[in-house]
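Peer 1: The structure that follows is given in the form of structure tokens.
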Amino acid sequence: MNECYYDKRMDFFYNRTKTDTADEWTGPQLIGVLCFGTFFCLFIFISNSLVIAAVVKNRRFHFPFYYLLANLAAADFFAGIAYVFLMFNTGPVSKTLTVNRWFLRQGLLDTSLTASLVNLLVIAVERHMSIMRMKIHSNLTKKRVTFLIISIWAIAIFMGAVPTLGWNCLCDITVCSSLAPIYSRSYLVFWSVLNLVVFFIMVVVYIRIYMYVQRKTNVLSSHTSGSISRRRTPVKLMKTVMTVLGAFVVCWTPGLVVLLLDGLNCTDCGIQNVKRWFLLLALLNSVMNPIIYSYKDDEMWATMKRMICCSSEDKSQERRSSRIPSTVLCRSTDISGHYIEDGIIQGTICGKGDLGDKGNS
């Protein structure tokens, strides 16, 4: 029967993999990494909080797509928490950690990645439900969206806890990985392959949906009297989602490939030399997303800017807009959302204040 090492500190496992964490994170290099990480974590907290607040505040964002977008921002906010915890539990401190504290450190990172990934999958389903019928938004009710968001976080927490629940090498140290000294190599292979396959599936699905929307939009353009911007609103939303997905894949794929190589026990791949930089690249993904939202969506940027500036003029405009009848804002009580689709087909969606004209440029 194999001996288990639950009571050992992490220096025991790091020494087995010959990973000298103290030499990698000392002096000016450590200070530079901490300053860099602190700055970007603060940006992650502030910017993603603004995205969530914008969705809550602006009634034009009270649709399933934007609720899920806010949840993606919440996942990025959680990633910032995971990175802060990592910063204070890495370098020379890594070897002093207990097994449970190290599991917590890695579990937070795994949970944040899974939350973002599953959220993007749900957004893909929501987009498929809506734009395959040339709708701007799907018919998901608030209760269903709430259930989906709760499910996303339940899955994320479970996946982050899988190694803690038993899929580790504490009772068989011969199968321990190098980058994650108490994770078994089989788990790293499973984790990295699963995420890379999901990446590939999402990219294929979004490309197919985008091609379909482009084709349908070109057909509708010759038969509708509405403005081009109104007809192309679904395309604009797809561009936003595809940009977010592209950034996610670019930032996370290198790190997952490194984990896969480690899981395959590639001793000559030099993975120890690049692991830190790929981790920082993953950190940048949570920084980029709020920038993408604001750049691709004029209404999102305008709402965030009003919350930052808090000028009296913006407040007065907000009060005036709140007195506009709901019919002008295209806010019917029908939760199915068919009034938007009818507006696209007939070219009668309301004027300059409409969601299609203001947002998602």
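Any Cβ shown, glycine's included, is placed from N, Cα and C.
What TrEMBL records for this protein is below:
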type	residues	note
TRANSMEM	30-53	transmembrane segment
DOMAIN	47-293	domain 'G-protein coupled receptors family 1 profile'
TRANSMEM	65-88	transmembrane segment
TRANSMEM	108-125	transmembrane segment
TRANSMEM	145-167	transmembrane segment
TRANSMEM	187-207	transmembrane segment
TRANSMEM	240-261	transmembrane segment
TRANSMEM	277-295	transmembrane segment
Peer 1: So which of 65-88, 145-167, 187-207, 240-261 is most in touch with the transmembrane segment (108-125), counting Cβ pairs under 8 Å?
Peer 2: 65-88
Peer 1: Give the nonlocal contacts of the transmembrane segment (187-207) in its own chain as ranges (CB under 8 Å, at least six residues past its ends).
Peer 2: 110, 113, 117, 120-121, 124, 127-128, 162-163, 167-168, 177, 179-180, 238, 241-242, 245, 249, 252-253, 256-257, 259-260, 262-264
Peer 1: Within the same chain, where does the transmembrane segment (65-88) have neighbours whose Cβ lies under 8 angstroms from its own Cβ atoms, ignoring anything closer than 6 residues to its ends? I mean 6 or more beyond.
Peer 2: 33-34, 37-38, 40-41, 44-45, 48-49, 51-52, 55-56, 104-105, 108-109, 111-113, 115-116, 119-120, 122-123, 126-127, 130, 137-138, 142, 145, 148-149, 152, 156, 237, 244, 283, 285-286, 289-290, 293
Peer 1: Sort out the residues at least 6 away from either end of the transmembrane segment (240-261), same chain, that have Cβ-Cβ distances under 8 Å to it, and list them.
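Peer 2: Residues 72, 113, 116-117, 120, 123-124, 127, 179-180, 188-189, 191-193, 195-196, 199, 202-203, 206, 210, 269, 271, 274-275, 278-279, 281-282, 284-285, 288-289, 292-293, 296-297, 360.
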Peer 1: Go through the chain and flag residues at least 6 beyond the ends of the transmembrane segment (145-167) whose CB is under 8 A from any CB in it; none is fine as an answer.
Peer 2: 64, 67-68, 71, 75, 100, 103, 106-112, 114-115, 118-119, 122, 182-184, 186-187
